[in-house]
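Visitor: My questions all concern the structure below.
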Amino acid sequence: MHITILNGPNLNLLGTRQPEVYGATTLADIEHMCQRKAQALGLEIEFNQTNHEGVLIDQIHAARSESDGLIINAGAYTHTSVALMDAVASVSLPTVEVHLSNIHARESFRHTSFLSPVALGLICGFGATGYVMALDGIWAHLTAADSARP
């Protein structure tokens, strides 16, 4: 099974950007954590980051033919992008939305997620561990779906 993990704007600055909110873990650290977890679960992952909404949409579209599931931390686009919501809905892949911080405990504009209505699940507030939790969750969903097939 193949999982695409997408990261949106400013996540390339993790480790130095507002460590009091996002922690000291870098995106490279998170990728390494995901690689270890994926290997333990027998998954292959593709890990990407971009600051550009259109590139995220292109990567979501590409996942349609390359992946069995999607994990996405869309950063601030979570709260603003109908286009990302439409892209996720259009590919019909099980999708887990991840956020390092608890978006519901922050500014009110962060309480709205355009992705949640089209996602299988949402994990927020657990820092970098949320990505590992997302891999566990999507693996459990996919293997349960496989075992339910005749």
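The backbone N, Cα and C atoms fix where each Cβ goes, and this holds for glycine too.
Because the structure is a prediction, the values reported are computed rather than measured.
Copying in the features that Swiss-Prot gives for the protein in this structure:
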ACT_SITE  TYR22  active site, proton acceptor
ACT_SITE  HIS99  active site, proton donor
BINDING   ASN73, HIS79, ASP86, LEU100, SER101, ARG110  substrate binding site
SITE      ARG17  site 'Transition state stabilizer'
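Tell me about the setting of these features in this model.
Guide: DSSP assigns HIS99 (active site, proton donor) to a strand in the three-state reduction. The Cβ of HIS99 (active site, proton donor) lies under 8 Å from the Cβ of ASN73, THR78, LEU122, ILE123, CYS124, GLY125, GLY130, each of which sits 6+ residues away along the same chain.
Look at HIS79 (substrate binding site): DSSP puts it in a helix.
ARG17 (site 'Transition state stabilizer') is surrounded by 11 other CB atoms, counting those within 10 A of its CB over all protein chains shown.
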Visitor: Reduced to three states, what secondary structure does DSSP give ARG17 (site 'Transition state stabilizer')?
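Guide: DSSP call for ARG17 (site 'Transition state stabilizer'): coil, neither helix nor strand.
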Visitor: Distance between HIS79 (substrate binding site) and ARG17 (site 'Transition state stabilizer') at the Cα atoms, whole Å?
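Guide: Rounded to the nearest whole number, the Cα-Cα distance is 19 Å.
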Visitor: Between SER101 (substrate binding site) and ARG17 (site 'Transition state stabilizer'), find the distance joining the two CA atoms and give it rounded to the nearest Å.
Guide: 13
Visitor: What number of additional C-beta atoms lies within 10 angstroms of the C-beta atom of SER101 (substrate binding site)?
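Guide: 17, counting other Cβ atoms within 10 Å of SER101 (substrate binding site).
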Visitor: How many Å separate the Cα atoms of LEU100 (substrate binding site) and ARG17 (site 'Transition state stabilizer')?
Guide: 12
